[in-house]
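Asker: I have a structure I would like to understand better, so I am pasting it below and will then ask my questions one at a time.
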Amino acid sequence: MTEQAISFAKDFLAGGIAAAISKTAVAPIERVKLLLQVQHASKQIAADKQYKGIVDCIVRIPKEQGVLSFWRGNLANVIRYFPTQALNFAFKDKYKQIFLGGVDKHTQFWRYFAGNLASGGAAGATSLCFVYPLDFARTRLAADVGKSGTEREFRGLGDCLVKITKSDGIRGLYQGFSVSVQGIIIYRAAYFGVYDTAKGMLPDPKNTHIVVSWMIAQTVTAVAGVVSYPFDTVRRRMMMQSGRKGADIMYTGTVDCWRKIFRDEGGKAFFKGAWSNVLRGMGGAFVLVLYDELKKVI
């Protein structure tokens, strides 16, 4: 193996272990966020049984479904990390070459900004093509509020993928794909724009104290997450459609989903669970610290 391959394998392993630990640690917050996002589109949750907010959700889940149910869908989320990282690594440089080749960051800022969005969006969309079914299964398993085997919609990851493929074909596993790609581009635009602006306002960007850098990263991640959150809500709602037939189908498409959420639930509905998303983002910062520590050991 070449030195580059060994270095990638070490990074890949350290990143995977760090991601598995952090994703498992924040899985309860992730499940609360997903339930608040999709409960209006769930056949299992009646209108009078819907969760009133984050605290109500955290209190009721262990009572109604057991403590371990906080980790429903976590396995799919952990597995998803590995192909995503490998694909990002494989495509990242190629897309940067296509969109950012010969572009000067300082003299052609807007071209650099657009190229960064395009390369990030293209790399994200390419990775999503391969890992989207895992994200889909994670959402459906997290949204499954049945207490025991008979009440559950799916027995696990494999059962979810098989049932939806039988019912709707491969297309069923890709519900909400287009709005996911839009969300990636919006997230990157917000992240890149805010981060560059914040760094530009510092007196000495290269010698910034680690605490200040961490605070900027936290703020940028939170802002980008909130700005792109409505796209995440719409894609999760679209995922809930797979397996439904006839009158059970709530949305005829992505545009119809945007329209109906706004009309029936109001603009605030697009941001349900957004606060728990900000809390989960703090877990992202923990990943980076853990990743650096693991690299020292491996």
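Note: Cβ is positioned from N, Cα and C throughout, glycine not excepted.
According to Swiss-Prot:
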- Met1: N-acetylmethionine (MOD_RES)
- 1-7: topological domain 'Mitochondrial intermembrane' (TOPO_DOM)
- 6-98: repeat 'Solcar 1' (REPEAT)
- 38-74: topological domain 'Mitochondrial matrix' (TOPO_DOM)
- 100-109: topological domain 'Mitochondrial intermembrane' (TOPO_DOM)
- Lys105: N6-acetyllysine (MOD_RES)
- 111-201: repeat 'Solcar 2' (REPEAT)
- 131-178: topological domain 'Mitochondrial matrix' (TOPO_DOM)
- 200-210: topological domain 'Mitochondrial intermembrane' (TOPO_DOM)
- 212-297: repeat 'Solcar 3' (REPEAT)
- 232-273: topological domain 'Mitochondrial matrix' (TOPO_DOM)
- Lys268: N6-acetyllysine (MOD_RES)
- 292-298: topological domain 'Mitochondrial intermembrane' (TOPO_DOM)
Asker: Of Lys105, Lys268, which of the modified residues has the most Cβ neighbours inside 10 Å?
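Answerer: Buried the deepest by this measure is Lys105.
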Asker: Sort out the residues at least 6 away from either end of the topological domain 'Mitochondrial intermembrane' (100-109), same chain, that have Cβ-Cβ distances under 8 Å to it, and list them.
Answerer: 115-116, 119
Asker: Please work out the helix, strand and coil residue numbers for the topological domain 'Mitochondrial matrix' (232-273) from the DSSP assignment.
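Answerer: Summed by class, the stretch gives 28 helix, 0 strand, 14 coil.
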